[in-house]
Amino acid sequence: MMNMKEDKKNTMDMKNMKHHDERKKLNSSQGKNEIIFPEVAESKKDNNGYKNYTLKAQEGKTEFYKNNFSNTLGYNGNLLGPTLKLKKGDKVKIKLINNLDENTTFHWHGLEINGKVDGGPSQVIKPGKEKTIKFEVNQDSATLWYHPHPSPNTAKQVYNGLSGLLYIEDSKKNNYPSNYGKNDLPIIIQDKTFVSKKLNYSKTKDEDGTQGDTVLVNGIVNPKLTAKEEKIRLRLLNGSNARDLNLKLSNNQSFEYIASDGGQLKNAKKLKEINLAPSERKEIVIDLSKMKGEKISLVDNDKTVILPISNKEKSSNKGNTPKVSKKIKLEGMNDHVTINGNKFDPNRIDFTQKLNQKEVWEIENVKDKMGGMKHPFHIHGTQFKVLSVDGEKPPKDMRGKKDVISLEPGQKAKIEVVFKNTGTYMFHCHILEHEENGMMGQIKVTN
């Protein structure tokens, strides 16, 4: 027969179990901010056939809410990290740099590699130190991820921003969407709590698993997704510290479940709901071709909106725009401004073009984790024609001959450029302080 002491202990245990299983209320996304997608990490192949990457764990600042900057962590940036795209058979070499003020490791979650380079707690890289690892990819296509794994600071470092995706790309042809950032979309779902609109792990930490009240997708608060009327592939990662997700579409539409943690299924499954545990990945394909302006949402537990999805029609001009020959990426704010990652160098010619030759330039104002700002882009010595903005016909006030085009963060335009004279000309942001801080390049026009 149970005595009173044992009965009291069991009652307390039951209360604790109930408490541990409770989910903190998660507020729905208001759908105010378009999500952005992590950049794809660049690699260089060396003479031994290795693809060389560099990943740097570093401190940063992120404006989750306007004019409120949080201290965050990121790989090669302020928050999260670039996507590594690998293929089966690739030989890979990665320089790992710790620019934090505490120990960290680089763990390759789901990657089947030698334990010496797995990045567990015993493989610490001290502050200010670096090391280089090598491995060969020996598994089929899958969506994996990388994150720190130091003891005892894994939870804190992941919560503050250290996460990134690693793709082993499709090894065989299939009909799944594969255009990164267009219809093949990396979706990192996390939950966090903000204190006075700022991230503060120490004030929100829970030893039984930290859950937040605010949903983020790819580091964006109140996220939304605008997609074309076509099939889209969502590579879902539950990057939360502790929250389980039960995901479905708000209109109860079915979708194709095509891949689990370990890779693609032999046969896709038609489902209406999936569970996603912390660190788990699943890939689904949603058919938006019949939406015709309808709005749906990816929801958790039937009610909490994780990601509103709205529809934009396919461009009627698809295929009519000539091939792009030059790409311009405008990035940054203040004195951290660049064009294609470079500061102006008077001794460097960035592009060349033939006299009287029509070329199409693609101008992109990159929206980063700080949000970015509008940049007016100017080319010397010519007048150009705006062909499209974000794949659509340009607005009426952008038509006619122009020498300046102003783009909001995240916007991308195509312009037709012809030079009628030879020589070396400048192209730059026409915010004068940005120009003087190096947001400028040179093009040489020859016969």
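In case you wondered, yes, glycine gets a Cβ from its N, Cα and C as well.
As the structure is a computational prediction, the values presented were derived from the model and not from experiment.
According to Swiss-Prot, the region 'Disordered' annotation covers 1-28. Annotation source Swiss-Prot lists compositional bias 'Basic and acidic residues' at 1-25. Per Swiss-Prot, Cu cation 1 binding site is recorded for HIS107, HIS378, and the stated evidence type is similarity to another entry. Positions annotated as Cu cation 2 binding site by Swiss-Prot, on the basis of similarity to another entry: HIS109, HIS147, HIS430. For HIS149, HIS380, HIS428, the entry in Swiss-Prot reads Cu cation 3 binding site. Sequence annotations record features per position, and here Swiss-Prot assigns Cu cation 4 binding site to HIS375, CYS429, HIS434, MET439 based on similarity to another entry.
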From HIS107, CYS429, HIS434, MET439: binding-site residues whose CA lies within 10 A of HIS149 (Cu cation 3 binding site): HIS107
Distant-in-sequence Cβ neighbours of HIS378 (Cu cation 1 binding site), under 8 Å, six or more positions away: ASP403, VAL404, PHE427, HIS428, CYS429, HIS430
Count of other CB atoms lying within 10 Å of the CB belonging to HIS428 (Cu cation 3 binding site): 24
Between HIS434 (Cu cation 4 binding site) and HIS109 (Cu cation 2 binding site): CA-CA distance (Å): 40
Position of peak Cβ density within 10 Å, selected from the binding-site residues HIS109, HIS147: HIS147
Number of other Cβ atoms within 10 Å of the Cβ of HIS107 (Cu cation 1 binding site) across all protein chains: 20
Inter-residue Cα distance where the pair is HIS147 (Cu cation 2 binding site) and HIS375 (Cu cation 4 binding site), in Å: 33
Cu cation 4 site shell beyond HIS375, CYS429, HIS434, MET439, criterion: Cβ within 8 Å of Cβ centroid: LEU330, GLY332, VAL337, ILE339, PRO376, PHE377, HIS428, HIS430, ILE431, GLU435, MET440
Collapsed DSSP category at HIS430 (Cu cation 2 binding site): coil
From binding-site residues HIS107, HIS147, HIS434, MET439, the one whose Cα lies nearest HIS380 (Cu cation 3 binding site): MET439
Integer Å distance between the CA atoms belonging to HIS147 (Cu cation 2 binding site) and HIS107 (Cu cation 1 binding site): 5
CB within-chain contacts under 8 A for MET439 (Cu cation 4 binding site), separation at least 6: LEU330, GLY332, VAL337, THR338, ILE339, LYS343, PHE344, HIS375, HIS428, CYS429, ILE431
